[in-house]
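Below: one structure, written as structure tokens.
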Amino acid sequence: MTANLSLPATRLVGDIGGTNARFALHTAQGLSDIRVLPTADYARFADALLAYLAATGATAVRHVAIGIANPVYGDQIRMTNHHWAFSIAQTRAELGLETFLVLNDFAVLARALPELPAAELVQVGGGSAVPGAPLALLGAGTGLGVSGLIPDGQGGWKPLAGEGGHVSFAPFDEREVAIWRLAHARFGHVSAERLLSGAGMAFLHQALGQIAGQTPPERSAAEITRLALDGSDALCHDAVTLFCTLLGTVAADLAITLGARGGVYIGGGIVPRLGDFFRHCPFRQRFEDKGRTSPYLRDIPVWVIHSPWPALLGAAAALDQFLQSH
């Protein structure tokens, strides 16, 4: 991230999830004093932020931007995966802030994409990015996060906040039709997130076993991934391979929808941990297998994000852009 040399040391950024809250000071030198606080230790969001300020001795903070794992509509925030609930306006007043930006976590992560150094990205096929073209972002973890970044027409970027993980899953072949039928019997509507998430990987593992006439033990996504990577369980290997393949379908749909010739970025808690497995899996083949649009997709680069604090970088970039325009 390029430091703003005239930046006063009055800015704080955060990345708020259901389990942990990550905070950092945003200064002329970049991010500093990065700390991770368990959300369960604090009754309110404001209490966690105050604890961070006390621990770092940062008393001059006046501008705060956070990404939160939640839809953000209006003033009231009520987390879906934690008990925190707060008013943006009341929290700003309580903490004596001039600025308090609250953004969807994947919109914040999208804002980080132009700031990520090349050393923290691993390219998986495609050509070169088209400068100034839209960027696409998706990431599987607890759920399936989806966002994008489009030029704002003034030299900056506009992140897209939505619920794209809930688009309908589209099977590609007969095996995937069988997977869809099993998922439909259990869930009704079969969204992409039903299959492309931690719980989705566990479902794929069970479904593949059922299709093969087996009754495999129930395993977590972490266990399935571990057994797939060490080569000790063929069904786990098949489940992770299918997971990556289905991600190629969804990533291609997103790239076509956004016109993401600037590239597709993959974050989240699952894919970056797959390492070389992902680079050699059928993801890219499926990404490009799109009939008449295959030549269009063939040129689009895909990157896996390996940045340690991408959401904090995105919150800092969003805060900079907001303050420069106000």
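A Cβ is built for glycine as well, from the same backbone N, Cα and C atoms used for every other residue.
Taken verbatim from TrEMBL:
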type	residues	note
BINDING	Gly14, Asp15, Ile16, Gly17, Gly18, Thr19	ATP binding site
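The ATP site, placed at the center of the C-beta atoms of Gly14, Asp15, Ile16, Gly17, Gly18, Thr19, has further neighbours from the same chain whose C-beta lies within 8 angstroms: Asn20, Ala21, Arg22, Thr39, Ile68, Ala69, Asp105. Each of the binding-site residues Gly14, Gly17, Gly18 was ranked by the number of other C-beta atoms within 10 Å, and first place falls to Gly14. Asp15 (ATP binding site): 25 other CB atoms within 10 A of its CB, across all protein chains. Each of the binding-site residues Ile16, Thr19 was assessed for Cβ neighbours inside 10 Å, and the highest tally belongs to Ile16.
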